[in-house]
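Shown next, in structure tokens, is the structure this report addresses.
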Amino acid sequence: MSDQLQMTDGMHIIVEALKQNNIDTIYGVVGIPVTDMARHAQAEGIRYIGFRHEQSAGYAAAASGFLTQKPGICLTVSAPGFLNGLTALANATVNGFPMIMISGSSDRAIVDLQQGDYEELDQMNAAKPYAKAAFRVNQPQDLGIALARAIRVSVSGRPGGVYLDLPANVLAATMEKDEALTTIVKVENPSPALLPCPKSVTSAISLLAKAERPLIILGKGAAYSQADEQLREFIESAQIPFLPMSMAKGILEDTHPLSAAAARSFALANADVVMLVGARLNWLLAHGKKGWAADTQFIQLDIEPQEIDSNRPIAVPVVGDIASSMQGMLAELKQNTFTTPLVWRDILNIHKQQNAQKMHEKLSTDTQPLNYFNALSAVRDVLRENQDIYLVNEGANTLDNARNIIDMYKPRRRLDCGTWGVMGIGMGYAIGASVTSGSPVVAIEGDSAFGFSGMEIETICRYNLPVTIVIFNNGGIYRGDGVDLSGAGAPSPTDLLHHARYDKLMDAFRGVGYNVTTTDELRHALTTGIQSRKPTIINVVIDPAAGTESGHITKLNPKQVAGN
């Protein structure tokens, strides 16, 4: 009599496929039809981090992908849960972060005939415009190859978000266990090196060597590449001033003598040759137009050929992965050495010193209530002594001022709103950074921005994560002194509840809360929060009149011809 065959099902197969591909963490929100999948993943040793909203779970997965070069995994239920996570998936794609969103879905036979199934939605086709790729699995024997494809697509070339649709009937479908194991694919070399054209590398070095005022701009693609040592060696060998975009801060420490960040406007307006390293010439750099010299020549190092010539002609495109491209640039530099003219470095230093003095005056001015400058000065003092922390930052004025004031000393320690300038990333990124690294995280939040994902403080407390949330509370979106134009006593469109005590939220979840009104109180609370490794909220009372409309990008608001 033969032994009885051992059977398995789709949800066990997908979990085994995740394990065999070294996926160790899932971020998500459970419900029909994925609850048992999450339970089984946890039973198999995969960490499951449960959120209060799928969007934050997706942001956590994306942050994990950025920090590790492995796809972060987000798990959602069907239809509404899928749509909640879709914003995070799109944001990952736009920013170039590897992420896979796995969602349960309804019965295809009913959905395709629009017969009104539970949470009916054609999720795969809804995801396609916003993801790097989207796949649906219709039979359990395809789960292994589907996950393998999702992993490879998410990390190869320019990284991005991939959607994987798992209908409930596929999760429940059965297979003989030994046969199922043969269908699982372990991905080998998912992101192979893409070497640049040697002629392009030679041309790039030749153009830089002739430049009188060269500048290197480091983008988050450079940070993602983890080519930190090659970038440092190249910049220091050629003595080329560099300008980091916000999430590239710390590749070289912001206090490095070649950093041109404090003379950003002058550097952009006067550089004659600019080398973009994993940075896109998009709205964050005024598309290379306003504020730039008309005759600036560009070298662009990017993994995506379609990015070249997107806004300004690129004199020398160097297409390849950043690590390989920088290795080639270093080798060529050693064969054809040059040093940036001292006069260019000196004039940048003069402008840096002038701007630093102006900033010092703002930072050292004592006010009551606090403003962004003196409050961020206190934060900067504490973080200077805690350089291992991860910094998450979102808001308008809170983001823009913190980016300029707070120095970063190590790569990939700053996570912010990125290419889309999206609000709501704060708690998800903070949780993702904490879970991935095990290090303390400080989230510097505008009060409006915090509101997008504030309920995730329960998640932070439930997992006892070392996250300190600093909320700059001026009682409004941008500012808290808006005017009611209706005359009906209604709040202004930009006003929030004045005198809100966000620190009190921690009473509900057994975290720690501080309400601070002075820089000394802020320094003490932040130092204590970091050192204690306890979930902490610091409510920083800011002048309602502090800040400007839309922060540093007021000019993006359409101009009115008439009206209020």
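All positions are counted from 1 along the displayed chain.
Each residue, glycine too, has its Cβ placed from N, Cα and C.
In the three-state DSSP reading, Ala263 (substrate binding site) counts as helix. Sequence annotations record features per position, and here Swiss-Prot assigns substrate binding site to Ile32, Tyr118, Ala261, Ala262, Ala263, Arg264, Ser265, Asn355, Arg403, Asn404, Ser550, Gly551, His552.
In this view, Arg280 (ADP binding site) is surrounded by 23 other Cβ atoms within 10 Å of its Cβ, with every protein chain counted. Annotation comment: Swiss-Prot describes Arg158, Lys220, Arg280, Asp302, Ile322 as ADP binding site.
Residues or ranges marked as thiamine diphosphate binding site in Swiss-Prot: Tyr372, Ala396, Asn397, Thr398, Gly421, Val422, Met423, Ser448, Ala449, Tyr478. DSSP classifies Tyr372 (thiamine diphosphate binding site) as helix under the three-state reduction.
DSSP assigns Asp447 (Mg(2+) binding site) to a helical segment in the three-state reduction. Asp447 (Mg(2+) binding site) is surrounded by 24 other CB atoms, counting those within 10 A of its CB over all protein chains shown. The Mg(2+) binding site annotation in Swiss-Prot covers Asp447, Asn474, Gly476.
Between Gly421 (thiamine diphosphate binding site) and Asp447 (Mg(2+) binding site), the C-alpha separation comes to 16 Å.
On its own chain, Ile322 (ADP binding site) has Gly221, Ala222, Tyr224, Ser225, Ala227, Val277, Gly278, Leu301, Ile303 as residues at least 6 apart in sequence with a Cβ closer than 8 Å to its own Cβ. Among the binding-site residues listed (Ala261, Ser265, Met423, Gly476, Ser550), Ala261 has its Cα nearest to the Cα of Lys220 (ADP binding site).
Counting in whole angstrom, Ser550 (substrate binding site) lies 30 from Arg158 (ADP binding site) by their C-alpha atoms. Apart from Asp447, Asn474, Gly476, the Mg(2+) site neighbourhood in this chain, defined by C-beta within 8 angstroms of the site C-beta centre, holds Gly446, Ser448, Phe472, Asn473, Gly475, Ile477, Tyr478, Arg479, Gly480, Leu496, Ile542, Pro544, Gly547. Geometry remark: Ala261 (substrate binding site) versus Arg280 (ADP binding site), CA distance 17 Å. Note on the binding-site residues Ser265, Asn397, Asn474, Ser550: the fewest other CB atoms within 10 A surround the CB of Ser265.
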